Amino acid sequence: MQNIGQYETVLVLDGDMVPSLTIARSLTQLKVDVVIASHLPKPLANYSRTVKQCLLYPDPLSRTDDFIAWCRTQIALNVYRLIIPVTERTLVPLMTLSNAADRERIAMAPPTALAVALFKSRTLELAERLQIPIPKSQLITTEHAVITAANLGLKLPVVIKPGCSIGEHAFTKKQLQVSYAFDVETVNVKLQQYLPYGPVLLQEYMIGQGIGIELIANHGEIRYAFQHLRLHEVPLTGGGSSLRMSVAIEPCLLATAQKLMKALHWHGVAMVEFKWDPQTQTFALMEINGRFWGSLPLAVAAGADFPAMLYELLTTGIITTTRPAKIGVMCRKLDRDLYWYEQVLRHDAPSELVHFPSRWQLLRDSLLVFSPRHYFDVQSWRDPLPGIIDIGRIISDYYYRALQLWHHRYWLFQQRRAWRSGQIKALLQNAKQVLFVCYGNINRSAFAERYVATVAPKTHLIIRSAGFHHETGRAADPMMINVARQVGVDMTSWSSVCINSDLVTASDVIFVMEYCHYKQLIAALPRAKYKTFLLGMAGIKDSLQGAVEIADPFGQQRCQYENCVQSLVLNVNYVLDSIKTTQLHRDKQ
């Protein structure tokens, strides 16, 4: 297979993703010239010695038609033997190519098969027909559906999955993420977010190991397979792996994957994901990734060279590789795994879903880097520059975060001093208009405005609120309406407002919920700097302990909405107490 691609050229899309780099490194071994393309100007793969050229294309999400036109132009050049989309970001638009001659150069499975693999509900329908175990699920298609405890039909917590990871609403495409809900109200909030983009799948949360069967199939017959075990996942509740290990293939999982590939008449690469219980030897199908997967570097490091096999299959029609992959090989995505350690140390996940490793386990996993069976996704002695660039970006990112943290802490110190010195109190006593600001003006700032109108209806102050979200006239968050009602505040008939210069100019004091709101406001309107303050600091008198920033509860659990309202009530009351007027005193009596 070494000389099969000599003097031919392949175009690899999504050059900003690590699997693109892996593909380039693999195909170069076949003496194939690799051209990388991305919507970002300096993708990581551009620094590899294995890449001949780097091209720039329009963002497939925000400029889909332009991206498709760019791809058609590249096909018309008749330069590339293959064009390989690496993520659904590029794969989904390319599925719309109607010309068979155009599709012939694209390294993707048949559109009919992809239409099943890319839509989770269709994947599960196929699994049910094939009698393959799946999590108990419910498909929601009605945009204004309301879930109750009676009609949910699933045990909590539930996993909320968009029908397709790339959703479209109002001619805008968006990458959608899996989320979780521990109560029915949170399910409805999430549905409100996701349903405009398409159907939503609700599933019971399954406990078990994340297992992937990676494979390459020739018209429905698996010709080579590989299995990995996820050791670290980001986010901790389940997601892409940052550290994984090659393991022996479970025959029942491979047989299940074969049934799926045969039914789909699959041609090309795929990864079939399962949740596996090693104690009971039971499993459930989670999804099919109908393209190259994030843990591809592990497969190649272990000897399962899927990019080379795909090139061989699509250019000759056969696969000659028969050597099995090595067992016990580990591969780590450095930047993502460092973030995994951060999340574990902060316990940044629901304890109901995640078993946090001990400090000893963390140390043991970190020492794996010294094992001869350990590899990195990006760092490589044979192709060092991408790894150096990657480390440089990691250091730069942590430096920037540390600098931002210092600026943030210093700003909090200034805010605390403004309250303790009486500066804000003096401004409030002479103010005519107060403005509350958050991001969307459907939760925090909206509640603050309505709360003041409820508890101090005769105050001399004009109370306004606004947000940075470009869309105006939005109703209040349904969960906030319910929680606000518990404290006597009516949030119905709310209509959101987008912040503007006139509103800022007319306001004598502005209260923001987070540091990011302050930065965004001051960047747009610098003159607001000396009258903009952090609302959450109002009730913090003598220390910086506590949640001085009032986090956005949007899409979170009900308890987070309740905590938000509790903090808003505490701090708005302190603001009102700072306004020493006889009229306000009578109102409070």
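Glycine residues also receive a Cβ, built from the backbone N, Cα and C atoms like all the rest.
Note that TrEMBL annotation is computational and uncurated.
Note that the coordinates shown come from a computational prediction; the quantities given were computed from them, not determined experimentally.
Per TrEMBL, the feature domain 'ATP-grasp' maps to 124-315. Per TrEMBL, active site, nucleophile is recorded for C438. Residues annotated as active site in TrEMBL: R444. Among the features that TrEMBL reports, active site, proton donor is placed at D552.
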Exercise. Any same-chain residues 6+ apart from D552 (active site, proton donor) with CB under 8 Å of its CB? Would you list them in sequence order, or say none?
Key: C438, Y439, G440, N443, R444, M513, E514, C564
Practice problem: Check the active-site residues C438, R444 for other C-beta atoms within 10 angstroms of each C-beta and report the one with the most. | Solution: R444
Quiz prompt | Arithmetic mean of per-residue pLDDT over the domain 'ATP-grasp' (124-315) | solution = 89
